[in-house]
Structure formats: structure tokens, C-alpha cells
There are 2 protein chains.
Amino acid sequence: MKQTAGRPLKVALLGYGVVGSQVIRLMREQAADLAARIGAPLELAGVAVRRPGRVRSVEVDPSLITTDAEALVTREDVDIVVEVIGGIEPARSLILAAMNSGKSVVTANKALLAEDGATIHAAARDNTVDLYFEAAVAGAIPLIRPMRESLAGDHVHRVLGIVNGTTNYILDKMDSSGASFSEALEEAQALGYAEADPTADVEGFDAAAKAAILAGIAFHSRVTAADVHREGITEITAADVAGAKEMGYVIKLLAICARSEDGRSFGVRVHPAMIPRTHPLAGVREAYNAVFVEAESAGRLMFYGAGAGGAPTASAVLGDIVAVARNRLAGTCGPEESTYADLTVHPMGETVTRYHVSLDVADKPGVLARVAEMFAKQDVSIQTVRQEGLGADAQLVLVTHRASDAALSATIEGLRELDIVRDVVSVMRVEGEDAS
Amino acid sequence: MKQTAGRPLKVALLGYGVVGSQVIRLMREQAADLAARIGAPLELAGVAVRRPGRVRSVEVDPSLITTDAEALVTREDVDIVVEVIGGIEPARSLILAAMNSGKSVVTANKALLAEDGATIHAAARDNTVDLYFEAAVAGAIPLIRPMRESLAGDHVHRVLGIVNGTTNYILDKMDSSGASFSEALEEAQALGYAEADPTADVEGFDAAAKAAILAGIAFHSRVTAADVHREGITEITAADVAGAKEMGYVIKLLAICARSEDGRSFGVRVHPAMIPRTHPLAGVREAYNAVFVEAESAGRLMFYGAGAGGAPTASAVLGDIVAVARNRLAGTCGPEESTYADLTVHPMGETVTRYHVSLDVADKPGVLARVAEMFAKQDVSIQTVRQEGLGADAQLVLVTHRASDAALSATIEGLRELDIVRDVVSVMRVEGEDAS
């Protein structure tokens with residue numbers, strides 16, 4: 001069925017930053033290998049930039065540079081458009097223009113896919129072109145393809161991932177050195193792991209976009225960033241980290257996509273959580289990413305690697321370019337968006353997990369009885385209680401059995417109103433205990 | 001380009017054992033999901049067995065059972081043939097007959113692919129049909145697809161894998177409990193992790209077949225099981241394991257595919273090796289598998305999961321069935337075998353790594369000087385030496401810098417001839433130290 005094609009496949013690149021430069025470099029350095037693997041050479045048709053005068057780490061023939069991205073993506077000779085600009089606009093308009101002109105698209109744009117994936121996927125389907133986006137989640141780690149294709153015959157129950165390298169670096173530093181959040185953030189910024197404005201990372205926006213994409217694929221349903229419950233790591237203290245460590249846990253920012261017990265809905269959330277040090281995700285250090293998938297038949301799988309960076313992201317982009325190029329030569333397309341299951345995203349209150357709660361309590365008899373009563377009132381069952389410190393400095397540390405987020409929230413509200421509770425020091429979810 | 005197809009895709013199954021039964025079960029239980037994902041329903045066309053009367057864990061309509069596998073795979077209405085018999089014949093003849101009749105094939109047969117992959121791949125190409133084999137290596141772990149497709153734009157330097165669950169279970173037991181090899185093997189047999197005749201696993205044949213397949217894909221070259229240097233784990237002693245533990249290492253049976261430094265050849269080997277406990281592979285416990293891939297741009301990736309078992313293997317087979325079915329509906333094929341690079345497999349003697357050597361030596365002055373001289377004679381540089389025990393029980397434990405296998409072998413031969421060396425107690429390669 002394959003056409004033998006000697007003619008080069010022309011690639012238009014949108015964006016000439018860290019990732020774009022590496023894509024150009026790899027297309028050049030590995031040209032012979034790529035041609036052999038595809039069955040036809042790749043040719044860079046043009047690079048759309050906003051600021052043409054800027055100095056780049058990888059040079060290209062200046063005649064290829066253009067500021068007219070719209071003209072580039074609709075140019076008749078272009079086969080494949082690679083979008084590494086990021087953000088919603090103009091990326092979305094350019095991708096749509098490319099698809100409407102019959103081009104296949106490779107993108108690393110998690111924000112756009114999480115906000116308006118439906119529009120982009122529909123345009124790909126309507127125009128019978130490819131949309132590949134391996135680089136949008138967890139950088140170099142092959143994850144989208146395995147989840148869309150290798151697990152196509154399986155039933156995914158849960159995805160538990162460390163999908164943001166910046167926050168993993170910060171939490172890992174806090175864990176290994178006892179640093180505070182702001183000290184660890186400063187170090188991450190000095191090393192280039194965190195941006196000057198770290199909001200997108202430390203508040204969990206980046207991870208939430210990736211969680212939306214993963215949940216959509218895992219559960220064959222449409223999910224947007226707005227469906228994701230999101231909490232960042234800015235309020236994690238050195239004391240939280242040390243307390244977790246003492247109990248054999250480590251705090252990670254997790255993206256969790258989990259089916260409800262009846263299988264008819266699922267939840268998507270990003271928040272810091274305590275996981276046992278024996279869990280495979282606990283060993284993910286520095287800025288690495290890893291995604292743990294629990295499927296009905298396959299069991300427990302984990303995918304580990306570099307979640308960001310120019311070269312790793314470019315590797316994922318190149319893999320997609322090869323796939324799209326092969327498909328074009330064969331006159332076919334890869335898998336379309338799969339949303340047939342159309343499951344509901346349940347509200348955060350219905351999420352069921354365990355909780356670790358630290359309370360600063362008055363030094364009086366009967367305190368534990370009154371605290372325990374408040375948990376019982378909401379049907380939240382306590383697994384362990386332990387008193388830390390003595391006298392006026394005493395803290396009560398409780399770990400619950402599995403309870404709904406709504407019940408736990410109501411419990412915490414009730415505790416705050418008790419005169420004997422001076423402060424709710426921390427509330428942290430406990431995850432991954434059934435999978436060591 | 002896709003044809004809309006209501007007609008069911010018919011699947012012929014060769015083999016009705018543990019994996020075959022699970023494939024049948026999943027095709028039945030997940031029929032609606034599979035149909036939605038493929039765009040057409042799957043239908044079981046028949047199951048070829050050797051012994052039709054046998055009781056199976058999953059039942060099928062008796063009219064589907066046949067002992068005439070040849071007739072089944074060439075039947076006009078069959079679209080996809082799934083081979084889970086294993087072994088060379090009759091699997092090879094049946095796969096070839098199926099392909100020559102225009103059927104696409106999904107197989108879990110590592111032995112056949114490692115022995116005569118060339119014939120099978122050529123038949124797929126000549127007949128323009130698919131050959132998918134995700135289940136042949138590391139069971140449920142998506143590995144073949146990521147390596148063939150996701151990494152198609154990258155340059156793989158090295159693959160380091162735990163690809164045999166039986167031996168990992170045995171070595172893990174020896175490490176965690178101090179058991180001897182035979183005690184751990186017995187336990188593995190009692191739990192069903194090892195077969196009554198454990199040769200294929202403990203002598204490394206199973207891992208070697210997988211290593212050949214992985215090396216071929218990683219280096220775009222043709223590799224057979226005969227190219228793989230193979231050593232098993234039967235001679236590993238409790239003392240070896242304890243000694244490794246003391247030094248912060250763990251012994252694993254590794255499949256290693258590594259490019260030479262000049263990139264023009266590569267080595268493929270399966271042998272026990274010491275790896276640092278900080279290496280991601282060190283944490284792979286029990287019968288789990290994991291494969292660590294080092295690529296030029298992607299950096300370090302790891303894929304982890306269940307390497308065997310009926311349901312996990314069936315998950316990989318089902319994923320392949322979905323892919324093949326989609327390809328058939330689209331009138332196309334997935335990626336062909338890629339051997340364009342045609343690199344040479346270098347002999348084991350050219351492999352460069354580090355070595356851990358334990359010697360039982362005479363209790364005399366000047367022993368270390370004479371031992372060191374023997375290493376120097378072969379240009380093998382020593383990193384650390386340590387004496388264990390005292391007097392007549394003294395052992396000399398040496399760790400070398402990187403040296404060729406040929407030089408190390410010559411050194412060991414020389415040491416055996418020294419009168420002051422009573423015994424070469426153990427020689428073990430040390431791997432994974434540059435990747436913690």
C-alpha cells in the first residue's frame with residue numbers, strides 16, 4: 001500500500017526557541033538516519049519567528065526565516081507543521097490554518113490541548129490529517145503513544161504521575177537537604193529548572209494541563225484543564241517534608257487520574273501528596289518525571305525519563321515527525337482522538353483517599369476524645385494517632401482510613417471551630433499505598 | 001483515507017494456553033470497547049489447538065476449536081492471526097502460511113523472532129501485511145512500540161534491561177533473604193515463577209532472545225540469538241550476593257545492548273552483573289521487568305512493569321490486535337523491520353566494562369604485588385583493592401577501571417596460574433555506574 005516516494009517531506013517549524021532549535025539541529029545531524037527510517041528525506045521548509053533578528057543557539061539559512069507564520073503553514077509545498085510556540089494564540093489559529101490546508105501537525109502544546117483539544121482534534125479528523133503530541137506530556141518519555149496504542153486493548157484504572165520537573169526538583173531538594181520551599185525554589189531558579197515567574201509550575205497549572213490530556217486518553221473521554229482540581233506546592237513547609245520522612249513517606253506533586261469504584265466517572269487532580277518511600281515514584285529524583293499506570297490486565301507500569309529540556313523534548317517531536325511522515329507516505333493517518341466512552345468527571349468532593357492531618361492542640365485532658373468525635377461525626381475513620389512534642393508544643397498527628405474529600409473537608413472545618421484546636425497545621429493526602 | 005467498515009475483523013488464534021485463554025477472555029469482556037477503539041468489532045474466527053479435549057480456564061464455543069491450524073490461518077475470512085504457541089515450529093510455518101494468505105500477524109514468540117526474524121519480517125514485507133510483537137519482550141511493558149516509533153527520531157546508545165522475571169525473582173530473594181541459588185529457585189518454582197525445568201530462564205536463553213530483538217530495533221540492524229553472549233545465574237552464590245550488598249551493589253541478570261565508542265558496531269550480552277543500589281534498575285523487585293534506555297537526545301528512559309503472566313501478556317497482544325485491525329481498516333501497514341544501519345555485532349572480547357574480582361590467596365607477604373602485576377601485564381587498571389578476612393582465610397577483592405573483556409579474561413587466566421592464588425572465587429561485571 002505504501003507509495004515509494006523519493007520526494008522530500010517538507011517541515012514547517014513554528015517557533016525557534018529552545019525546543020525549535022534542537023529540532024532543527026536533530027533534523028540536520030540525523031538527516032540520513034531519518035530519511036532511512038521514513039523512506040524519504042525531511043526538508044526544513046521554513047521557520048516562523050516573532051523576532052527574526054534574535055541570536056539563536058542553532059543557525060539556519062536566513063532565507064528560511066519568516067515572520068509570516070500564516071503564510072508558511074498554508075504554503076502548498078509544506079507537508080508537516082511542527083508547533084513549538086506554546087500558549088493558546090496564535091498557536092491555535094496557526095494549527096487550524098495548517099490543518100485546513102491539509103498539513104499534518106506535530107505539537108508540544110499542552111496548554112492548548114488541555115484548553116481546547118476538542119477543536120484541534122476535530123480539525124484533524126475533518127481534514128483527515130494527523131495530530132501527534134508526544135512532547136506535550138512528560139517531555140522525552142514515550143507516554144502518549146503507549147497509552148493511546150499499546151494499552152488500546154486494556155482498561156486503565158488509574159494514572160499517577162510526576163509530570164512537572166520543576167516541582168519535583170524543589171520537593172526533592174527539600175527532602176534531601178531539609179531546605180525550605182523558598183530556598184529550594186531559589187536553587188531551582190539558579191540552575192535553570194525554574195523560571196523567574198514560577199507560577200505555572202509551583203501552582204500546578206503545568207501539571208494540570210498534562211493531567212487533563214492523560215485523563216482524556218486513559219478514559220477515552222473529553223477532559224479540559226478546567227476539570228482538574230489543582231493545588232500547588234507553595235505551602236509545603238520543611239516541617240511537612242521532615243514529618244513525612246520520619247514516617248517513611250516522601251512528598252511529591254502528583255497528577256492523578258482515577259476511575260471511580262463503579263467505573264462510571266473519574267476524577268482528575270493535581271496536588272502534593274505523601275507516598276511511601278517504597279513506591280516506584282518515590283525514587284524519582286531531581287527534575288525527572290515518571291508516570292505510573294495501573295491497568296486491568298497489564299497491571300502496574302511505569303514510564304520514567306526527562307520531562308523537559310530542549311533535546312529531550314525535541315526527541316519526542318522528532319519521533320512524531322517520523323510517524324507523521326510515514327503516515328503521509330502511506331496515505332493514511334494515525335489514531336484519532338478517542339472520546340467514545342464519554343465518562344463524567346466527578347467533583348473533587350467524591351474523591352476517596354487517605355489523609356494525614358497535623359493539629360496544634362491545647363494541652364488539656366480530653367483533647368483526643370473531642371478531636372476523634374469530630375472525625376467520627378463525618379464518618380471519617382482514623383487509622384493512627386500520635387502525639388508529637390510535649391505540653392504546650394504538643395501536636396496531634398492523625399492518619400485516616402480512606403474517606404471522601406467532602407467528608408474530610410467537613411471534618412477539617414469542624415476541627416477549626418473547636419476551641420481546643422489552636423491550628424490545623426497541615427492536611428495532606430496519602431497516595432500509592434496499595435502499590436509498592 | 002479510512003474506510004468505514006461495519007464488517008467484523010476476524011481473528012484466528014493459534015494456541016489456547018495461559019496467554020491464549022486470556023486473549024479470548026479479554027476479546028469477549030472488552031468487546032464493546034475494542035469495537036469502539038477499532039471502528040469495527042473483532043470476532044474470534046477459530047482457535048487452533050493440539051489437544052482439543054483438554055480443559056481450559058476460559059471456555060469457547062466448541063465449534064471454534066480446530067486441530068487444523070494450517071487450514072485456519074489460510075481461511076479466506078480470517079484477517080488477523082495471533083500466534084501464542086511459542087517455539088520455532090510449527091509456529092514459523094503457520095505464520096508464513098498466514099502471511100502468504102494476506103493475513104496480518106500478532107505474535108508473542110521471542111524465540112522465533114530471535115532465531116529467524118529475517119524470514120518472518122521479509123514475509124510481512126513481501127505480502128504487505130503487519131507483523132506486531134509487543135508481547136515478545138517484557139510482557140505487558142510497552143517497549144517495542146516506543147523503541148520502534150517514539151524513539152524513531154533519536155539515536156540509542158545503550159539498552160540495559162531486566163527482561164526475565166524468573167531470574168529477577170530468584171536474585172531478589174537471594175538479596176533480601178540471604179538464600180542460596182537453589183533455595184531461591186525452589187521457592188520460585190513453588191510459586192509458579194519458575195518452571196520445573198528452569199534452564200531457559202536461569203541459563204539466560206530467554207533473556208538472550210529478548211536481547212537480540214531489542215538490539216536489532218535499537219541499532220536498526222539484524223541480530224539473532226546466536227549473536228548474544230550469554231551467561232546464566234546458576235553459579236551466583238549467597239556469598240556473591242552478600243559481598244555485593246556490603247559494597248552498595250545488587251546483582252541482577254542484565255540484557256545489555258551497547259554501541260561501541262566509535263558507533264560502528266555494538267555488543268549484545270546477557271549475564272549477571274553488579275549495579276549500584278542507586279540505579280533505577282536496582283529497585284526492580286520480585287518478578288518485575290524493567291528496561292533502561294539511553295538515547296542521545298531523550299537521555300535516560302526507563303520502562304517498568306510485569307514481564308510475564310497470562311493477563312499482562314494478553315494486554316500487549318490485544319494492543320497489537322487493535323493496531324493491526326486499525327491498519328487493516330485503513331488499508332495500510334505499521335512500521336516495517338528497520339535494518340538499514342547494518343552495524344556489526346562485535347565479539348564479547350571487545351566489550352568494555354568494569355570488573356569485580358574475588359581471589360582466595362595465600363597468606364604470604366608480596367601477594368598483592370604479584371596479583372597487581374598480573375593485572376598490569378594486561379593493561380587492566382585497578383581502582384580499589386581490599387582484603388577481607390585474615391590469615392589463611394584472607395580474600396583479595398579487586399574492582400577494576402574499564403577494561404576489555406579480552407584483557408580481563410587473560411588476566412584471570414594468568415591469575416589462575418599463580419601459585420599464590422588458591423582460587424578465583426568470583427568474577428563479576430559492574431554496570432550502570434554512570435547512570436544513577
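Every residue, even glycine, has its Cβ placed from backbone N, Cα and C.
Note that TrEMBL annotation is computational and uncurated.
Feature annotation from TrEMBL assigns active site, proton donor to A:LYS210. Sequence annotations record features per position, and here TrEMBL assigns NADP(+) binding site to A:LEU14, A:GLY15, A:TYR16, A:GLY17, A:VAL18, A:VAL19, A:GLY20, A:SER21. As annotated by TrEMBL, NADPH binding site applies to A:LYS110. Among the features that TrEMBL reports, L-homoserine binding site is placed at A:GLU195. The domain 'ACT' feature in TrEMBL is assigned to A:356-429.
Positions of TrEMBL features highlighted on the structure.
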{"residue": "A:LEU14", "record": "NADP(+) binding site", "DSSP (3 states)": "strand"}
{"residue": "A:VAL19", "record": "NADP(+) binding site", "DSSP (3 states)": "helix"}
{"residue": "A:LYS110", "record": "NADPH binding site", "DSSP (3 states)": "helix"}
{"residue": "A:GLU195", "record": "L-homoserine binding site", "DSSP (3 states)": "coil"}
{"residue": "A:LYS210", "record": "active site, proton donor", "DSSP (3 states)": "helix"}
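Cβ neighbour count for A:GLY20 (NADP(+) binding site) (all protein chains, 10 Å cutoff from its Cβ): 27. For the domain 'ACT' (A:356-429), the DSSP counts in helix, strand and coil order read 27 helix, 30 strand, 17 coil. Under a cutoff of 8 A between CB atoms, and with a sequence separation of 6+ in the same chain, the neighbours of A:TYR16 (NADP(+) binding site) are A:ILE24, A:VAL47, A:ALA48, A:VAL49, A:ARG54, A:ARG56, A:ILE65. Remark: A:LYS110 (NADPH binding site) has A:PHE133, A:ALA136, A:VAL137, A:ASP206, A:ALA209, A:LYS210, A:ILE213 as non-local neighbours, by Cβ distance under 8 Å and separation of at least 6 in sequence. Cα-Cα distance from A:LEU14 (NADP(+) binding site) to the residue listed as 'L-homoserine binding site': 22 Å (rounded to the nearest whole number). Of all the binding-site residues listed here (A:LEU14, A:VAL18, A:VAL19), it is A:VAL18 whose C-beta has the fewest other C-beta atoms within 10 angstroms. Model confidence over the domain 'ACT' (A:356-429) stands at 92, taken as the mean pLDDT rounded to a whole number. Its own atom aside, the Cβ of A:SER21 (NADP(+) binding site) has 22 Cβ atoms within 10 angstroms in the protein chains shown. In sequence order, A:VAL84 are the residues near A:GLY17 (NADP(+) binding site), counting only same-chain partners six or more apart with C-beta under 8 A. Of the listed recorded positions, namely A:GLU195, A:LYS210, the sparsest Cβ surroundings within 10 Å are found at A:GLU195.
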